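Trainee: Here it is, the structure in full.
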């Protein structure tokens, strides 16, 4: 009873904390910011916000007001969560003024005259194909593009800052800015009341060299775009050139269009996937791999192992036992602690932390709690869950460490709490310095960096110690067989059982089970598209777990049959080696799908993919390790050992 008391106290405190949350914050505990519907009456103001400028060519976001665009009287930052800041989102108010169901024509926002510096900045952004992002009622701005080949409309996020082109009869390439925007606000009207909800936000950009009579003043009427004369912009036949001393007049139209789309379905067009068939192919491909491996495991477990165990248990004489070969012969060494057992404990604990974070995140995502409408929610949830899963990391590493007869539990706990996050934070800090050097809005501010450090040292580290304390207090896991004092010599192995070859072969199938889904994930991250097929991802994740477990068990069995008992690290590295193939595929994707030319952007890509591959290694390695751990304990507890 004395042993159970600390756990009972911890469980009670957790229960008290949850109840306090429920009763003190009431519904706010479950309210998802940014996803509540908002009703607008006719004439109600609609707040248009601007977001970062993005480019798939550079992967470096910039603030909207870093270019000479029109500014409101006072620029106000919208409150951003941790995930939004890390994504480089910089949401601010804009000078665009909309009123619900009140169309506008040729509204002049402002007039600006370029100088050498601003003209150069605009040309650079046009050259790098930067896009302007805006938000209305939490909906991102999209540009509809009709595809005649598929007879469908594709939506692109935001609109290009400008375009490059040539005047007729000239070979010189010029830069033109999109300075006239035709906004279309789609709304769904409530049949019972006069209220309406925003269900779409589209734009058609044009480049127009506006003209006017006389000198410019606040009340000057344009001759190229005049609401009184019903003269509107319909093309970019006389575009606005970007050059030093050039005058640019920014204008916009607002159109309102009633839609049958209901508010609950307004994100469907943004998340429309035209490649569901490829996803189903991915699932079928992965399932075939799993069925193949399951067949092998079933054959080993039901036929070979059953035969082995029956034979070992029916041996009549000691002479017959000595003549036997195979996995039974290494029973006295199979549970001998491995070299660098401390490091293995740290990696296994970190993998458990990752596994817990991934399972909970995917569960919430599948249930719809982490939809794209809640910007930055996915990343914020992952960071918070990582910190709270520190309890399981400490528990898992301490349990394994005690099984290896370790005694310095505080030392192993500190390594578990600091090693993996330390490596990732160092890489992240270097990459952030590169982004900061480019003066990009993607650079994480000092305050956010401090919040990340607090999350690490203020929450994650103490929780790792709590988990480790509980884990180390428990009785050590007992081995099913006794370990000999003198280690047995491992016989010379066949070429195909070479550790490096075996480990590299083991990583191919887990990677093969996920590589099609990986393509969509990379596309959503680096080509700035929405990823919202978490149902597919959850299925693929389950398949990944099964594949990692099965391939590790198969190769572990072959290894033990070859009288090689050094399985601890190899079981971790066998499935963990799939991370190597992930990184190689990321390099292939970089050279075949992306148009990144700047060295800093390339370093960012490979830096972040290195972090992702490292995390994948820890996750898959831990799955393989626990599968092998369960398998060896099962088979050696099934045979009679004298």
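Cβ coordinates are placed from backbone N, Cα and C, and glycine is handled just like the others.
Worth saying up front: this structure is predicted, and the values here are computed from it rather than measured.
Among the features that TrEMBL reports, signal peptide is placed at 1-29. Here TrEMBL flags 280-302, 344-370, 376-396, 417-437, 449-472, 493-526, 532-560, 572-591, 603-631 as transmembrane segment.
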Trainee: At an 8 Å Cβ cut-off, counting only pairs 6 or more apart in sequence, do the transmembrane segment (572-591) and the transmembrane segment (493-526) clear the bar of 3 or more pairs?
Mentor: yes
Trainee: Verify whether three or more Cβ pairs under 8 angstroms connect the transmembrane segment (449-472) with the transmembrane segment (493-526), leaving out any pair fewer than 6 apart in sequence.
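Mentor: Counting Cβ pairs under 8 Å, fewer than 3, so no.
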Trainee: Name the range, of those listed as 344-370, 417-437, 532-560, that has the largest tally of Cβ pairs under 8 Å with the transmembrane segment (449-472).
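Mentor: Going through each listed stretch, the top one turns out to be 417-437.
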Trainee: Residues sitting near the transmembrane segment (344-370): Cβ under 8 Å, six or more positions beyond its termini, same chain?
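Mentor: Residues packing against the transmembrane segment (344-370) from afar: 32, 338, 377-378, 381-382, 385-386, 389-390, 392-398, 400-401, 404, 406, 412, 415-416, 419-420, 464, 534-535, 537-538, 541, 568-569, 572, 615, 618-619, 621-623, 625-626.
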